[in-house]
Each structure stands twice: as structure tokens, then as C-alpha cells.
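Asks: After the C-alpha cells below, expect a handful of questions from me.
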Amino acid sequence: MVDSSFATAAKKGNARRLFLLFVWCFSAFQMTKGATPKKAVTVPFSKNYMPTWSFDHIKYFNGGNEIQLHLDNYTGTGFHSKESYLFGYFHMHIKLVAGDSAGTVTAFYLSSNGNEHDEVDFEFLGNRTGEPYILQTNVFTGGVGNREQRIYLWFDPTANFHTYSVLWNSYLITFFVDDIPIRIFKNTENLGVKFASEQPMKLYSSLWNADDWATRGGREKTDWTKAPFVASYKGFHIDACDATLDDEYCETEGKKWWNQKEYQDLDAAQYRRLMWVHRKFTIYNYCTDKARFPKRPIECKVNKDA
């Protein structure tokens with residue numbers, strides 16, 4: 001027969017463990033939820049963007065809430081944001097060129113001007129029919145780049161729209177694919193590595209021919225009999241600090257959601273997903289390229305890139 005006092009204590013112990021487990025799960029849920037970038041609202045292309053070149057190769061649908069970029073053997077096309085921004089959340093829903101896309105590049109990126117420019121790149125490198133797209137990311141700070149990483153995506157990016165986004169604040173730059181972090185670039189100015197913290201950047205996107213390098217190092221050329229190549233876009237909201245009128249304000253203000261504590265680093269769940277991407281889908285990482293970088297770049301260890 002079990003002693004009644006022991007049974008009572010055991011029940012209390014179980015209750016306490018269950019309570020602590022609930023608190024832990026709730027806290028973990030809150031932490032994950034809090035660290036996920038906010039959802040964007042639907043706005044038409046013309047609210048925040050304008051064509052950059054070859055206006056006749058941009059097609060508009062659904063009242064301007066969706067557009068297509070067209071590439072043929074005459075020209076590609078592109079667009080950019082009307083304003084410049086310093087910190088914020090930048091996203092785009094993109095459906096990439098279907099079929100034989102070898103030689104083509106669809107780009108979505110942030111960039112400032114000048115020789116010592118900052119830049120944050122998504123570049124989607126096309127491939128032969130049936131072969132997977134390659135997503136290349138890169139980060140330039142103070143005019144210094146050569147920080148390429150390449151991954152395969154875990155889905156067909158031509159079948160449906162997927163969300164590609166950048167969270168940029170004074171602490172880090174994080175690349176997301178469908179809210180899954182695929183890369184993080186932390187502010188390591190204390191180690192002597194420049195960070196994108198002072199130069200406002202515009203958003204750009206383009207569809208263009210790069211068959212001199214994009215597919216198998218340029219060995220696979222664009223098949224123009226498959227033209228026009230079409231990439232589709234929607235989701236033109238920008239949630240960021242407009243630096244066009246007052247960039248000093250953007251450098252110092254800290255009240256926006258992307259500067260709050262929960263966005264100054266990834267949480268544990270996000271780091272696990274980042275490591276999953278690195279393990280399963282990474283095909284090139286400058287951090288491990290000893291031929292190019294015999295001395296490992298300083299930021300790689302901090303950024304958990306290898």
C-alpha cells in the first residue's frame with residue numbers, strides 16, 4: 001500500500017512538472033512568434049515601386065497588385081523602390097521562370113550608391129528543365145562583397161509564389177525564405193568588419209540574361225527559342241524607415257518593431273532551422289572556400305556560417 005503522504009507529494013510533483021512544462025512551451029511559442037517578421041499588407045506596385053528600364057517588358061495584372069517581368073533576346077527589365085530606406089523588413093512574393101531557365105537570373109536586392117556601397121542580394125540562377133534552381137545570396141558592406149552562399153531550395157519555386165525577405169536592423173541582416181532563416185549576417189564592426197548601418201538603400205529587382213556565368217559557370221547558354229522568360233511578382237508593401245527625407249532619424253530611432261529585443265538575434269527554433277538549411281541544402285559557402293580565403297573571414301564564426 002502506498003503511503004498517502006508520498007502519493008500526495010508525488011501528485012504535487014507531477015503537477016509542478018506539468019506546470020513548468022506548460023510555461024516552457026508557452027514561452028518557447030511566444031519567443032518564436034515574437035521573432036517572426038510581421039506579415040505585410042497588400043498594396044499595388046505603383047505605391048512603392050517604379051520601372052527602372054524597358055518599361056514595355058513589365059506587365060500588370062489585378063489592378064497592379066501583380067506584375068510580370070519579361071526577358072527576350074532583345075532585353076530584360078527591372079524595377080526599383082521610389083524611396084531609400086535605412087533598416088526595416090523587405091519582402092517580395094516571387095514565382096520564378098518556369099521550364100528551361102538556363103542563363104537567366106532573377107534578382108531581388110537592396111543597394112546603396114557609390115564605390116563603397118552596401119548591398120544585400122537574392123539572386124536566383126536558372127537551370128535546364130528538370131534541374132533545380134540555385135539561390136545565391138551575397139552581402140556587400142563598404143564596397144566589399146565576395147560573401148556568396150548558394151543553396152538549393154526545398155520546393156519548386158516556379159510552381160507557386162514563395163516569399164523572399166530581408167530583416168535589416170543595426171544588429172543583423174537576416175535572409176528568409178517563407179519565414180525560414182537561410183542566412184544571418186551579424187554586425188561585427190567591433191571586430192573590424194564594416195556593417196550596413198549608415199547608407200540608405202533602395203530595393204531593386206530585375207530579370208536579365210547572364211549566360212556568361214549563371215548556369216554551370218557559363219557553360220549552359222540561354223535557349224532563346226524558349227523566350228519570353230517570365231517571372232511573376234506580388235506583395236509590394238515595404239515596412240521600413242524612409243530615409244529619403246531624414247536618414248539621421250533612421251540611424252537613431254529605436255521604436256520600430258524590427259529594432260526591438262526579439263529581433264536582435266534569432267531564437268533557438270530559428271537557429272535550428274538555419275542549421276537545417278546549412279546541412280541539407282548548402283552547395284557553396286565562401287566561409288569554407290580555402291582556395292579563395294586561406295584565412296577564414298572574421299565574420300564567419302560569429303554568423304554561424306560554418
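Glycine too: its Cβ is placed from the backbone N, Cα and C atoms.
Remember, TrEMBL labels are computer predictions, not curated facts.
Annotations per TrEMBL:
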ACT_SITE  Glu119  active site, nucleophile
ACT_SITE  Glu123  active site, proton donor
DOMAIN    36-233  domain 'GH16'
CARBOHYD  Asn127  N-linked glycosylation site
SIGNAL    1-34  signal peptide
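Set these features in their place in the structure for me.
Replies: A simple way to gauge crowding: the CB of Glu123 (active site, proton donor) has 19 other CB atoms within 10 angstroms, across all the protein chains here.
Over the domain 'GH16' (36-233), the average per-residue pLDDT in this prediction is 95.
Taking a C-beta cut-off of under 8 Å and a sequence gap of six or more, Asn127 (N-linked glycosylation site) has these contacts in its own chain: Ser101, Ala102, Tyr133, Ile134, Thr215, Glu220.
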Asks: As a test of the contact definition, list every same-chain residue at least 6 positions from Glu119 (active site, nucleophile) whose Cβ is closer than 8 Å to its Cβ.
Replies: Tyr109, Leu110, Ser111, Ser112, Asn138, Val139, Phe140, Gly145, Met201
